[in-house]
Amino acid sequence: MMSFVSLLLVSILFPAIQAKQFTKCELPQVLKDMDGFGGIALPEWICTIFHTSGYDTQTIVNNNGGTDYGLFQISNKFWCKDDQNLQSRNICDISCDKFLDDDLTDDMICAKKILDKEGIDYWLAHKPLCSEKLEQWRCEKL
């Protein structure tokens, strides 16, 4: 009984981040609001996300003195706030750890802001890997 109570307390006090490893065919359904935004088609997003995070929402990469978070690899230098970079501009007005769960709503809102301000080439993988020959990034099931 004591272990059950302990487990219950731990689960209440420390909710688990629900991470998700998406597939190429799951992402278009979740990212449908991104299709065409800023002139970027879904296959370009799917390709870019694959090459930046491997479709894994819990991807964290230390990069050039900053840290990039989640599916879209959003940087703590400018876009989100974390304990490592208290000087972040936090343009998306969000905690970086929000980009590590399976709810992509806030990720997409921030990615759209990045796209508006920086363009698709903010994501370095896009130009060399995802700007042409996108057939392989379409899901045959759709």
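Cβ atoms are placed via backbone N, Cα and C, with glycine included.
When the candidates CYS25, CYS47 are compared with Swiss-Prot, only one is recorded as disulfide-bonded to CYS139, and it is CYS25. The cysteine that Swiss-Prot pairs with CYS110 in a disulfide, picked from CYS92, CYS96, is CYS92. Residues GLY70, PHE99, LEU100, ASP102, LEU104, THR105 surround the recorded Ca(2+) site, their Cβ atoms falling within 8 Å of the Cβ centroid of LYS98, ASP101, ASP103, ASP106, ASP107, which are themselves excluded. Within the same chain, the residues at least 6 positions away from LYS98 (Ca(2+) binding site) whose Cβ sits under 8 Å from its Cβ are CYS80, ASP106, ASP107, listed in sequence order. The disulfide-bonded residues listed here are CYS92, CYS139; among them, CYS92 has the most other Cβ atoms within 10 Å of its own Cβ.
By neighbour count, meaning other C-beta atoms within 10 Å, the densest spot among the binding-site residues ASP101, ASP103, ASP107 is ASP107.
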